[in-house]
Each structure stands twice: as structure tokens, then as C-alpha cells.
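Enquirer: Questions regarding the structure given below will be posed in turn.
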């Protein structure tokens, strides 16, 4: 069982690319201290940019972009898959999602010979079930894995359609060109499940009318049972199955009263919409970015700057805001090491997906460039990474 857990953690720190990294190239991304980035790359529907900055002692954010086949069939469908997994309590759940969710999506897409909301829902269910199997196996030797979970944001572009699925509070924002004014408008596409939002609190309260303490205001922050801000996630077994909410789990995670139905849900909010020629780019990011930038600020930064390095540019803007809030210089914030850095900002993951309308409108049988890439942290093997190109 220990071997299973070590393999799971080791997978978090292994970069993935279907191309071989060449010395001095940035195929697998570049590392600059706590920042990992891939400034530009090609996907089936255009270009992309990725960046991850680490704040926790162990990076809890994971992410991936997969471009090309979305099933195991030669006939397709083909497209682009984007995943942002913001872990909490540890890296294990986010790592597990990174290793399994896309595989499950391809399996169900093969069965249905298409991408659909149902395929996404089944992929989430299979990922949740798989991680619960890990928790069950690890419980006797590592019971605290029951208190590890992850938000999970996924976007799939296939045949001119954008599918978005989400649990938790990561966010995808569309940059849409408004012809009449020349502006690029920010349009949020994902529903969030954070109980700081009044409508989310009310929904949870309506689902648990017998529990007056289903949401608690603690240190001026709303939390589910006083423990966690999100009400939907992958993992977090201790708030979904009562058999994992007992000793030897740490007392701070154990509820005083037993519960008879899951408190948290793993069911994703899913939206499906056709992409339009005036839809220019998508910004997928963990909540670490949105704590410091508004949707429109992020869209304006991407729109007003070169595509190359756009994800890294967004992270820099967020860190500058984080430094300003603490009345310190950005240059001094960058000197703070992981672990201590978490007092100033969260792990931040950003993937900017640019949309080429001539490519987006092609049928789902169009193969395009094949890419498989995962974001990383300081735990990546250094020999797979090129040295950084410039100061952030």
C-alpha cells in the first residue's frame, strides 16, 4: 500500500509530453525558481500558454493539456482537453486526477464515439470512484488521505463546441471580441461551488435542512461544517462517507455528530456551447489567480499583450497584486521560499487557450497537432527542463 501511495506522488512530479525534450528546448517547459512555464505551444484549435507558480511546500495544483485524439478510436473524435486541478490538504487527489481523468474521458468517448456532457459526467464519476478505492486501501496506514481533495475544472473543445465541467472554485473565462466597440469582453463560463457565494450557501442549506450548522462563518470566512470552503470536489472522503470520519483521522477533521448522506458532492456543473468566430481565447485558472485579478483584468492583460508568455504574464500580475496587498515589493516576494510563500499567495495555475476560428470550426475528425503536457513544480526532474529564458 505504501508503494501505491509513493507511485501516486511520484507521478505528480513527472512531466509528460509525447515529444522528446531536447537539450535547451522548452518542449517540457522551463523552470525559474518556483515558477514553471510553457510560453507557447500548438493545439488542435490554435495556440496555448501555460504557467504554474508554487506557494505550498508540496505543489497542490496540477494541470494538463491534451490535444489530438479524445478517444481510443482512429475515427476520433479529435480536439483539445484542458484540466486544472487545485488540490487541498495535500497533492494526492490532484495527482490522481491528472493521471486518470483524461483516460476515463477517452474510454467513455470511445464507447459513445463522441464527446458529450454525459461522457464528462461519467469521467468524473469514474475518477471519484477510483480515488475512493485508493483511500480505502490507504486508510489503515495513512488515514489522513481521507481529508485530501481537489477542485477539478475541465474544458474540451471538439467540433466547434466547448464543453466545460467543474467542481470547486477554479474558473474559466472567455475573451469575446465585441465588434461594435472593439472591446474584448470577459465572459465567465464555469459555475463555482464556494460557500462564500450566497446562492451556493442557500443551495447547500436547502439540501441539508435538518443541519443548522451545514455552513459556518469561521474567522470571517464561510466554510462547510466549519472545515472547507468548497461544497463540491473530488476526494474529501471524510465529508462524503461516515466510515472515513472517525479515528484515527485527526480530530480537527472529525465531526461531532454522525452524518447519513454525503455532505460534499462530486457531481460537476456542466455547460455546452458552440464557439463563435468572435471568441478569441479562454483563460483556465485555479482560484489563486482569481483572488487577485478580476475576470476583466485577466482578459485585458491577455488581449493587450503578445500571445507568447501570456500565462506567465497573468501570474506575474497576480503576484504583483499579492505583494501590493502586503505592502511589499514584488522582487522581495519572489525571494520567499515555498511553504512560507503560502502566507502571501496560493499555488497558481494558468492555461490560456487561444482560439483560431478557422481551426475551431473544423469537424471533430480533424486530427491537428498532437500534444500531451503537464504543468510542474520544483519537484520535477531538472534534466527534463530547459533553463529559464528571462526574468518574470
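Placement of Cβ uses the backbone N, Cα and C atoms for every residue, glycine included.
Pulled these from Swiss-Prot:
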- 86, 287, 346: Mn(2+) 2 binding site (BINDING)
- 86, 87: Mn(2+) 1 binding site (BINDING)
- 47-355: domain 'PPM-type phosphatase' (DOMAIN)
- 145-165: transmembrane segment (TRANSMEM)
Enquirer: Taking the center of the Cβ atoms of 86, 287, 346 at the recorded Mn(2+) 2 site, which other residues in this chain have a Cβ no more than 8 Å from that point?
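Expert: Leaving out the recorded residues gives 61, 151, 169, 170, 286, 288, 289, 291, 347, 348, 349.
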Enquirer: Would you mind listing the long-range same-chain contacts of the transmembrane segment (145-165), meaning Cβ under 8 Å and 6+ residues beyond its ends?
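Expert: For the transmembrane segment (145-165), the sequence-distant neighbours (Cβ-Cβ under 8 Å, at least 6 residues beyond its ends) are 5, 44-45, 60, 62, 70, 77-94, 97, 101, 105, 115-117, 120-121, 124, 127, 134-135, 138-139, 171-172, 189-190, 228, 230, 233-238, 244-245, 249-250, 253, 264, 268-275, 282, 284, 286-287, 353, 355, 360-364.
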Enquirer: Specify the count of other C-beta atoms within 10 Å of the C-beta of residue 87 (Mn(2+) 1 binding site).
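Expert: Result for residue 87 (Mn(2+) 1 binding site): 31 neighbouring Cβ atoms inside 10 Å.
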Enquirer: Just to confirm: which same-chain residues, 6+ apart in sequence, have a Cβ under 8 Å from the Cβ of residue 346 (Mn(2+) 2 binding site)?
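Expert: Counting only residues 6 or more apart in sequence, the Cβ neighbours of residue 346 (Mn(2+) 2 binding site) under 8 Å are 55, 56, 286, 287, 288, 291.
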Enquirer: Return the residue, from the listed binding-site residues 86, 287, with the maximum count of other C-beta atoms within 10 angstroms of its C-beta.
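Expert: Top count of Cβ atoms within 10 Å goes to 86.
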Enquirer: If H, G and I count as helix, E and B as strand, and all else as coil, what does DSSP give for residue 87 (Mn(2+) 1 binding site)?
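Expert: SS state of residue 87 (Mn(2+) 1 binding site) = strand.
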